């Protein structure tokens with residue numbers, strides 16, 4: 001079992017990585033000082049509820065005397081809505097949650113974002129624990145950003161609310177379809193590109209083993225990738241500066257994701273967004289064409305898309321990017337590559353340069 005520490009101000013917490021972690025959820029709650037005298041709430045989705053993951057968690061909780069309810073939401077980004085949040089508040093109220101209650105987020109990034117948002121806002125904030133079951137969630141489960149969506153804009157209503165802990169069961173990843181594994185790998189590639197070139201190179205050397213979910217390789221991937229994320233979060237918990245680098249690939253990625261109405265996975269959109277951002281970095285003279293080629297080669301090797309869908313016009317993409325939560329005053333804000341392992345934040349990228357890259361990358 002591996003433990004990585006997230007050193008945020010006020011209340012640091014652990015990321016616990018290893019096999020059969022879900023079956024020990026109750027013991028970890030005891031370690032965290034969570035009381036059995038309060039009622040707790042497990043939030044998951046229909047996909048996870050149909051797998052052994054939920055039963056492992058509930059058996060572990062019940063075995064140590066914890067009382068809890070389970071709230072199951074439909075899978076997918078559509079569940080990250082204010083309407084669904086309103087329903088969850090009613091569930092929490094009827095369950096009798098109090099200020100010592102804990103919400104357990106069992107699932108992928110959608111469940112983590114949604115359950116964390118409920119925890120951040122119910123009773124002005126109660127504790128929650130992340131129990132990620134997807135590879136993609138190794139990014140979203142760490143750092144305390146929780147949110148729901150507007151109809152055409154992702155994560156626009158949210159908060160910063162750090163979890164008590166992140167409990168990452170590597171066995172759960174063995175139940176994922178290949179597309180979901182590839183999607184999650186995009187965020188790990190991103191972590192290497194923004195701050196750890198050695199991680200980027202290591203991923204390329206181990207892509208096949210990662211996609212086979214080999215235990216030792218997967219544990220190392222999660223530990224190294226989470227280490228990058230936690231180091232950035234520790235420097236800038238509230239995203240006032242350097243934390244924005246974690247959005248590499250997301251400016252175009254989020255635009256594509258929203259305009260395609262979530263037909264593409266988040267990781268797929270981040271992947272094609274990273275390729276486009278690398279090419280934009282070349283366009284602006286920040287990095288060499290060879291660096292951009294290495295990014296595209298890595299994305300291709302992971303089996304992820306590199307092209308923006310041809311049916312998305314540049315005007316629509318740019319309009320969406322101007323609404324991105326990183327933007328101020330309608331500017332185009334991008335995280336751009338200088339070299340592998342090093343990026344810069346540019347809050348006013350010329351539209352003409354963005355448009356040129358979009359036209360080349362579409363199709």
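Including glycine, each Cβ sits where the backbone N, Cα and C put it.
These features come from TrEMBL:
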BINDING   109, 110, 111, 112, 113, 133, 134, 145, 154  NAD(+) binding site
BINDING   187, 250, 266  Zn(2+) binding site
DOMAIN    71-182  domain '3-dehydroquinate synthase N-terminal'
DOMAIN    184-327  domain '3-dehydroquinate synthase C-terminal'
TRANSMEM  102-123  transmembrane segment
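Here the features listed in TrEMBL are painted onto the structure.
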residue : record              : DSSP (3 states)
109     : NAD(+) binding site : helix
134     : NAD(+) binding site : coil
154     : NAD(+) binding site : strand
187     : Zn(2+) binding site : helix
250     : Zn(2+) binding site : helix
266     : Zn(2+) binding site : helix
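With DSSP states grouped into helix (H, G, I), strand (E, B) and coil, the domain '3-dehydroquinate synthase N-terminal' (71-182) comes out at 48 helix, 33 strand, 31 coil. Residues near residue 109 (NAD(+) binding site) in space but far in sequence (CB under 8 A, at least 6 apart, same chain), listed by position: 132, 134, 136, 137, 139, 140, 141, 266. All protein chains shown were included, and the count of other CB atoms within 10 Å of the CB of residue 266 (Zn(2+) binding site) stands at 24. Of all Cβ atoms in the shown protein chains, 26 besides its own fall within 10 Å of the Cβ of residue 113 (NAD(+) binding site). In sequence order, 43, 44, 45, 48, 73, 105 are the residues near residue 111 (NAD(+) binding site), counting only same-chain partners six or more apart with C-beta under 8 A. Cβ atoms within 8 Å of the centroid of the Cβ atoms of 187, 250, 266 (the Zn(2+) site) belong to the same-chain residues 136, 139, 186, 190, 249, 253, 267, 269, 270, 273, site residues excluded. Its Cβ placed at the centre, residue 250 (Zn(2+) binding site) has 25 other Cβ atoms within 10 Å. Considering only the residues assigned to NAD(+) binding, 109, 110, 111, 112, 113, 133, 134, 145, 154, the longest pairwise Cα distance works out to 21 Å. Residue 154 (NAD(+) binding site) counts 23 other C-beta atoms within 10 Å of its own C-beta, drawing on all protein chains shown. Across the fold, the C-alpha of residue 113 (NAD(+) binding site) and the C-alpha of residue 187 (Zn(2+) binding site) stand 16 Å from each other.
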